[in-house]
Amino acid sequence: MTTGDETGGKVERAGPPAATTRATFLELFFDLVFVFALTRVADRSFGDLALEPGGTTGWSPITGGAKTLLLLVALYTVWQGVSWSTSQHDPYRSGLQLVVVISLVGGMVMGVAIPHAFKETGLAFAVAYVTTQVTRPLILLIALGQDQDRRRLRMLIVYCVTAVLWLVGAFVSTDPRVVLWTVALGTEYVVGLMGWPVPWLGRSAVSRWDIAGEHLAERYQQFFLIALGQTILVAGFSYSARAFSLKTTAAFALALLTSILLWRIYFQRAGQILGEAVVKARRPAAIGRSAADTHLVMLVGITATAVGYQLAIEHPLDRAESAWVALIIIGPAVFLAGRARFEYEVFARVSPSRWIAILALLISVAPLLHHPPLIASGVAAAVLAAVAVADARRAWGKPPEAAAPPF
């Protein structure tokens, strides 16, 4: 398979796919860093929404949420870059393992820096991000020799250019830092979608890249479990830090139930056969690239849900702030939106229950502004439970549905 990268009439060839369809132990070790980092994202978002009722005023929750989202996307970008690399090449090669180790260290530093990334730890966050992104194509360029050297060189050039924005942003105040980092991250995303075009070096069609589809699919499944793990940790830490009472226990039970429902909805059935869909696809890399964005949407929804339930456990019967209700309700809605797109990627269709549930959640926001967070949590859990039941009824007594990707 070719990469579709044409320069001077020549077409680059992709390297061999990963030698294994299963994630290596080093990759799983790498994932543990992101379990920690995602809890730091949730903790930062919780702090932005104020710890006491009446503390969320004006635009503060929105601007705080936007900054946290920027950090979350940066984290996911690092994880995704490593996972694509190990899905395109043999993950047991020493060069690939060095990439994973460097990214592991960088991800850990980013996680530690997240709580104050727009203050005193901004430089640490930026340096860690730039290091992981620049060294990955550089090491692969050296380790793989002539294999995809043009693509790696183009990626290296792009990351070196955006590195300037990341590093300059670390030395300025909060608002310009947000702007510079957003431009840098947006540039990397858009250029990546376009096939990493660089003058005189050409570009490549991402949809034609050669990948080990089952390996990449498993990595996405594992990242979903990482994201789900943060909901367990956040709820558990919040509940164990407070005196046990009926109201906090009820909020904790709803948080745990919601995590179980998110797991059920994801894996029934699209999440379970993502690997089959990638293998069956006419353009495996296209569905892999689309699934990357889809899992980011679901990650945002899950993270918002985790923060919402942390608020519900801390203030189960207090008067709900509008930002609190938004997280508790909109979080599951965003997850369902991502899950609807995910279903289309695997089956080329979307179940009506997804859209009905999203609409029900959005409609419930206004009435729930006058009720405590515990009630909002119950409504969100009930809607998710209805989706899970609808999925089970649709599959009852029928043979397992096979993947039918549209790509």
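Here the Cβ of each residue, glycine as well, is placed from N, Cα and C on the backbone.
For 23-42, 62-84, 96-118, 124-144, 156-172, 178-202, 223-244, 250-267, 287-311, 323-340, 352-369, the entry in TrEMBL reads transmembrane segment.
Two recorded stretches are said to be in contact when at least 3 C-beta pairs lie under 8 angstroms, sequence spacing 6 or more; the transmembrane segment (223-244) and the transmembrane segment (323-340) fall short of this definition.
Contact counts against the transmembrane segment (62-84), taken as Cβ pairs under 8 Å, peak for 23-42 among the stretches 23-42, 156-172, 250-267, 287-311, 323-340. In summary, the transmembrane segment (156-172) lies against the transmembrane segment (124-144): three or more C-beta pairs, each 6 or more positions apart in sequence, are under 8 Å. Looking at which of 124-144, 287-311, 323-340 has the most CB pairs under 8 Å to the transmembrane segment (23-42), the answer is the stretch 287-311.
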